[in-house]
Protein chains: 2
Amino acid sequence: MAMKVALLGCGVVGAEVVRLLQEQADELAARIGTPVEVGGIAVRRLGRARGTGLDPELFTTDAMALVTRPDIDLVVEVIGGIEPARSLILAAIKNGKSVVTANKALLAEDGAAIHDAAREAGVDVYYEAAVAGAIPLLRPLRDSLAGDRVKRVMGIVNGTTNFILDRMHTQGAGFTESLEEAQALGYAEADPTADVEGFDSAAKAAILARLAFHTRQVTAADVHREGITGVTAGDIASAEAMGCVVKPLAICQLSEDGSSVGVRVHPAMLPREHPLATVGGAYNAVFVEAESAGRLMFYGAGAGGAPTASAVLGDLVAVARNRLAGTSVAEGGHDTGLPVHPMGDTVTRYHLALDVADRPGVLARVAEVFAENHVSIKNVRQEGHGDDAQLVLVSHRAPDSALDATVRRLRALDTVRSVASVMRVEALNNAD
Amino acid sequence: MAMKVALLGCGVVGAEVVRLLQEQADELAARIGTPVEVGGIAVRRLGRARGTGLDPELFTTDAMALVTRPDIDLVVEVIGGIEPARSLILAAIKNGKSVVTANKALLAEDGAAIHDAAREAGVDVYYEAAVAGAIPLLRPLRDSLAGDRVKRVMGIVNGTTNFILDRMHTQGAGFTESLEEAQALGYAEADPTADVEGFDSAAKAAILARLAFHTRQVTAADVHREGITGVTAGDIASAEAMGCVVKPLAICQLSEDGSSVGVRVHPAMLPREHPLATVGGAYNAVFVEAESAGRLMFYGAGAGGAPTASAVLGDLVAVARNRLAGTSVAEGGHDTGLPVHPMGDTVTRYHLALDVADRPGVLARVAEVFAENHVSIKNVRQEGHGDDAQLVLVSHRAPDSALDATVRRLRALDTVRSVASVMRVEALNNAD
């Protein structure tokens, strides 16, 4: 008996899923042990039916009727956004269907409730495509590292911002110009807010933190989020002078005593030797540090119709196999309850470029401000002279609140004309 | 009720598994849903019991009695080698135990039989640790890419040879000197044959090919295998002159018409821009090209007690969860039956350095030999003059047999004094 799939949404990813289900029907049937059949496709407007080669009868605008239809086994949701996706997924679960979704926003906001509903109904909710597209990342974190202790997850999980910052480095272009290029090439949307302001990465960071630290306590709202719109050509030049590149990072980190987690999204300087520093263009990569496994990295295409569809189909095969075997994978049953600590408590390291008056005593005043805030200076150099004098400092690791207070205090010094660049610096070694 | 684990072998990996099972007992119990308990440890000599902090009563030299004991649920095999590991694993399976193993040699030789036995008994056989240590690789290939079509898997799966070739590049050292350094640092064994002659990589390549192409037809004996003992300082210099590095590769590749697979292990030149080119020291990395997912890379520690134990424990958690849920993952049920084609049919590209007589007509003779064998020359340059004259050529892609015939014919030319270096060149783009 065939597995019947209901597809919610038939945009770029949905159309690719349909195409692959048809084209690879025999292979998928062999791998699952039974054929997979598209039972229905919910779309907003019926015009979508054209060109898929599918029976137009399969298309419907009544998504709720589709996900509750008794003959449907699996629901693939690629609509995105919170509603109506949430209501449809919860209805599908309640009606005993397993779900494959690429919906990062929904999982970041309501993952715990969805996993609870799935556990109660004895069905699967798989979502590999929600983070870093085709890169197998959630399954390794959830399963392969189930016998290890993850310390830190640091990744480039947004291709648009990686592309923009990469262009700023390689072409010497400004932010606006690079964004426009990304838009022209289809890497950025007409309204780029979700990408450039870090909302997209924040949702993914919340999902990664929950999986890595086995805690249900993280939602997108708990993620400290800074976009890349403030990154200047000066920041890029400063990074290069230090042998670094600026990368859009999502970082999930266990506190040193293991009692809480920090989850943050912001651009940061990375040394060129760091494996993430070489990830160019719109590629994604995630670096995982675990107690026994050591350093792992996962690299690949983070978005696009075909890569995302590959992840959706991998989940679909797993979910279908589980269903055939009469089993399901309950997620989130084990909750460490680890809370999220505020950004101020996260230990970071700052790079600062200060436009200063070129006269004796300036460094002494600046150093005093660092000392007052209990922040040590790792290194400092002066660049230029007279009106062009700039002090470039890198701090040692300190609570972000202390670094933030240091910067605020420096801005108020009359010997500091302006703070030209402030950016966090991440090292290969967490304990550096 | 606790899951009882029998451990076969208590060397570096086994001791680490025991340590982690004790240290992380609470977390593992929470993740599995029931505690895990060491039920017995089979060792060759009982002296091993010392220093583990475990009840000496747990240790036994009678491994067969241990794996067939009715109270044992799971067997972890970290002895390695074909026998007695094979008999013990098959006995465990026949007695209804699920198995976690790190035994690449056994799986490469007898994987199909072991999976058959497991399927028949309704138990699991997991072996993530067998290839590339802690790097989650087999689970992504088997599960995450189950809805995709893998075209090529190319990896550095042996840390010892990667370390040796890395040293030859960075220190300008010869092979023997670099091997001695690897031995002094514990990266290479006293008898380095399994590593430097490619036997270790060949076993891993066979396992990767089976998973990637869903075929049962590949064993270690089908893998074309060349070691790194013949790599000279001259090869390294030639590679560097071309902007390449020499890497120890395992390559599993679908033929262009998709009707067969090539599986080979040999050193090859890789352009510096290739993601695998930057994998240094004893690290492992595997590059996967799939139709929809595109290019993926997995990177991490390929060996060592803790990383291998991390992979073993990840499998142990999965196997224990399956057992609690009353299910098992049958592998190898779907067999595409894709055969292995001979190395001669594999399409490759050669780099050649020829010591030649520096006189008119030499290049014409050399080019003629290429043409006679239907191999095109991609580029050629002359280096040095007079007695030091060298022709450096890179071919276009051609069947390996044609390239091999070309080299044999060149060796016989009287204008070619010697073939100073022959090495395959791999490109980022398979179709280059």
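Glycine residues also receive a Cβ, built from the backbone N, Cα and C atoms like all the rest.
Now, the feature entries from TrEMBL:
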{"type": "ACT_SITE", "residues": "A:LYS204", "note": "active site, proton donor"}
{"type": "BINDING", "residues": "A:LEU8, A:GLY9, A:CYS10, A:GLY11, A:VAL12, A:VAL13, A:GLY14, A:ALA15", "note": "NADP(+) binding site"}
{"type": "BINDING", "residues": "A:LYS104", "note": "NADPH binding site"}
{"type": "BINDING", "residues": "A:GLU189", "note": "L-homoserine binding site"}
{"type": "DOMAIN", "residues": "A:351-424", "note": "domain 'ACT'"}
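Positions of TrEMBL features highlighted on the structure.
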residue: A:LEU8; record: NADP(+) binding site; contacts (Cβ under 8 Å, 6+ apart): A:GLY14, A:ALA42, A:ALA63, A:LEU66, A:VAL67, A:VAL75, A:VAL76, A:GLU77, A:VAL78, A:ILE79, A:ALA85, A:LEU88
residue: A:GLY9; record: NADP(+) binding site; contacts (Cβ under 8 Å, 6+ apart): A:ALA42, A:VAL43, A:GLU77, A:VAL78, A:ILE79, A:GLY80
residue: A:GLY11; record: NADP(+) binding site; contacts (Cβ under 8 Å, 6+ apart): A:VAL78
residue: A:VAL12; record: NADP(+) binding site; contacts (Cβ under 8 Å, 6+ apart): A:GLY304, A:GLY305
residue: A:VAL13; record: NADP(+) binding site; contacts (Cβ under 8 Å, 6+ apart): A:VAL78, A:ALA102, A:ALA129, A:GLY305, A:THR308, A:ALA309, A:VAL312
residue: A:LYS104; record: NADPH binding site; contacts (Cβ under 8 Å, 6+ apart): A:TYR127, A:ALA130, A:VAL131, A:ASP200, A:ALA203, A:LYS204, A:ILE207
residue: A:GLU189; record: L-homoserine binding site; contacts (Cβ under 8 Å, 6+ apart): A:THR160, A:GLN183, A:ASP195
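In the predicted structure, the domain 'ACT' (A:351-424) carries a mean pLDDT of 93. Least crowded of the binding-site residues (A:CYS10, A:ALA15), judged by neighbouring Cβ atoms within 10 Å of its own Cβ: A:ALA15.
In the three-state DSSP scheme, A:LEU8 (NADP(+) binding site) is classed as strand. The residue listed as 'L-homoserine binding site' falls outside any helix or strand according to DSSP and counts as coil. Helix first, then strand, then coil: DSSP counts for the domain 'ACT' (A:351-424) stand at 27 helix, 30 strand, 17 coil. In this structure, A:GLY14 is the one among the recorded positions A:GLY14, A:LYS204 with the smallest number of other Cβ atoms inside 10 Å of its Cβ. Listed in sequence order, the residues A:LEU7, A:GLU16, A:VAL17, A:VAL78, A:ILE79 complete the 8 Å Cβ shell around the NADP(+) site centroid, once A:LEU8, A:GLY9, A:CYS10, A:GLY11, A:VAL12, A:VAL13, A:GLY14, A:ALA15 themselves are left out.
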